[in-house]
Amino acid sequence: MSIEIPGYRMIKELGSGGMATVYLALQESVNREVALKIMAPALAADRDFSERFLKEAKIVAELQHPNIVGVFDMGVYNHLNYIVMEYVDAGDLKDNLEKGISSEQIFSSVLDVAEALSYAHGKGYVHRDVKSENILFRSNGSAVLSDFGIAKAVVSGTKMTGTGMSIGTPHYMSPEQARGQSLDGRADFYSLGIVLYEALAGVKPYDSEDTFAIGLMHINEPIPLLPENLSHYQPLIDNLCAKSPDNRYSHVNQVRKDFDAINAGQRFKRPKHATHVLKAHNKKSVSPLVWGIGGSICAAAFVTALYFYEEAKKTKARANSAMVSSQARIESLEASKNAQEVERKEELAQLLTQAKELLDKENYVYPRGSNAAEKFKQALLISPVNEKALSGLEKIASIYIRKAENSLSTGNYKSAFENLERGFTVLPGDARLAELNEKIFKKLGEERAAYEKQISDLRNLSREEQEKYAQLENEQKSIQSKLDELRAIADSGADLAQIKEFQKQKFELEQQLITLNREKNRQEGLLKQIRAESDELQKEEVERKKLERIPPP
C-alpha cells in the first residue's frame with residue numbers, strides 16, 4: 001500500500017469517495033485497529049484547507065458521546081490531511097437495510113443518532129450531512145454517527161455557498177440547506193427524518209436524476225405518506241420533516257416521547273403544518289330521520305362540506321399551478337445548468353490555455369496568482385480527471401525533481417530543498433518527491449558523519465602539534481640558559497683557549513636556537529591553519545543543521 005502515515009500500519013482499504021479514502025490501519029503505539037481517513041489530495045489546492053480541517057477535527061475530538069464515533073488523532077503528513085477514528089466494524093445503516101433489519105432496530109438506531117445530535121447541538125455543533133452512510137453500527141448493535149465537521153471543513157472558505165451550493169447530500173438536505181440559508185440543529189433532525197422515511201418505506205421520499213430538482217422538492221413538495229401498515233408512524237415523519245424549522249423536532253426527548261406514545265397505542269392528530277394529502281373517506285348514505293331530526297345541523301354540515309369542496313377545488317388549482325410553476329422552475333434551472341456547463345467548459349479551456357502559456361514562460365509556481373501550477377489546479381477543480389491538467393502538474397513536478405537532483409549533485413542542499421518543496425506544492429503525494437526527500441536527508445547524514453570524523457582528526461592533530469610546540473619551547477629555554485652560562489664564564493676572565501671553546505659552543509647553540517625558532521614559527525602557522533579549518537567546518541555544520549531542522553515536506 002503506497003500511502004504511509006508515521007505510527008500507523010495500513011491493513012486494507014475500507015472505502016473511497018470523492019472527498020476521502022478510509023483505511024483499516026493498526027495504531028502501532030497502542031496496538032489498536034483504527035479507521036484512518038485520508039482526505040483527497042486535490043483538496044490541498046485550497047491553501048487554508050489543512051488549517052480548517054485540523055481545527056474542525058480538534059473540535060470534533062472534544063465531542064465525547066457513546067453514539068458519536070471517537071476521534072483519536074489527526075494531522076498532516078506529506079501534504080495529506082488525515083483523521084484517525086474508532087473502527088466500527090458492523091457496517092452502516094445503508095448496508096444493514098439492504099441485508100434486512102427489523103423496525104425495532106431502525107427506531108433504536110434513529111433514537112441513538114438523535115441522542116448524539118442533541119448532545120452535539122448542545123455544544124453548538126451542527127453535523128450538516130446526516131445520511132444512512134454516516135450512521136454506523138458497533139458489534140453490540142448500537143448506532144454511532146460519523147463524519148462530524150468534514151463537510152464544513154471542505155466547504156468553508158470557498159465560493160461554494162456564494163454560488164448557491166450548499167453542504168449536505170441532496171436527498172437528505174433540509175429546505176433551508178437547499179436554499180443555502182444559515183443552519184441550526186433542526187436541519188440535522190430534518191435529515192434524520194428523511195433517513196427514517198427511507199428506512200421504513202424502502203425508498204427516498206424525493207428522487208430525481210437532477211439534484212436541483214431534488215432541492216426544489218425538499219422546498220416545495222409535501223412529504224409523501226408512509227405505506228398504510230406504517231401510517232401510525234406518520235406523525236413522527238411529519239414532525240421531523242416539517243418544511244419550517246419552527247414546526248420541527250429539535251431534541252431527542254421530543255422524538256422519544258412521541259415514539260413511546262405511538263407504541264403505547266395513542267392516536268395523533270395530523271400536525272397543522274403537515275402538507276401531504278389525506279385519503280378520502282368512504283361515502284355513507286344519510287337517513288331521512290337524520291334530516292328530519294337535525295335538519296339545521298345537517299344543513300350546516302352540508303354548507304360546511306360544500307365550503308370544503310370549493311376549497312378543495314381551489315387547493316387543487318393552486319397545486320396544479322404550483323406544479324406548472326415548479327416545472328417551469330425546473331426547466332429554467334435546466335437551461336441555467338446547460339448555460340453553466342457551457343460556461344464551465346469555456347472556463348476550463350481558458351485555464352488550460354493560460355497554464356500552457358505560463359508553463360512555456362517557466363512561471364511554474366511563481367508569481368502567486370499567475371503561475372502554471374495554480375491554473376492547472378483550478379482546472380482540476382472544474383474537471384477533477386482532466387488529463388491535460390494532470391499531465392501539466394506532472395511535468396512541473398518533474399522539472400523541480402531534476403532541479404533538486406542537480407543541486408544535490410553539487411552539494412547545494414538549500415537549493416535542493418527549495419526545489420523539492422516547490423515540487424511538493426505541485427504534487428503533494430508524488431512518490432518520486434518523497435524518495436528524493438529521503439535521499440537528501442540520507443546524504444546530509446553522511447556528510448555529518450564525515451564532518452565529525454574531520455573534526456576529530458583535526459583535534460587529534462592539534463593536540464600532537466601543541467605537544468611538539470611545547471617541546472620546542474622547552475628546548476629553546478634550555479639553549480637560552482646554556483648561552484647565559486657561557487656569557488657568565490666569559491665575563492669571569494677565562495683564558496684565550498677557553499674563550500675560543502665558549503665561542504664555538506655559543507655559535508652552535510645560537511644555530512640550534514635559530515632552527516628551533518623556525519620550527520616554532522612553522523608549528524604556529526600549522527596550528528592557525530588547523531583552527532581556521534575547524535572554524536570553516538563548524539560554519540558548514542551550522543548550515544547543515546539548519547537544513548536538517550527543515551521537516552520533510
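Backbone N, Cα and C define each Cβ position, glycine as well.
Among the features that TrEMBL reports, domain 'Protein kinase' is placed at 8-260.
Summarising the annotation, TrEMBL assigns ATP binding site to Lys37. Following the DSSP three-state reduction, the secondary structure of Lys37 (ATP binding site) is strand. Residue density at Lys37 (ATP binding site): 24 other Cβ atoms are found within 10 A of its Cβ, drawing on all protein chains shown.
For 289-309, the entry in TrEMBL reads transmembrane segment.
The annotation coiled coil is assigned in TrEMBL to 330-362 (among others).
The coiled coil feature in TrEMBL is assigned to 441-550 (among others).
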Average model confidence [pLDDT] within the coiled coil (330-362): 81
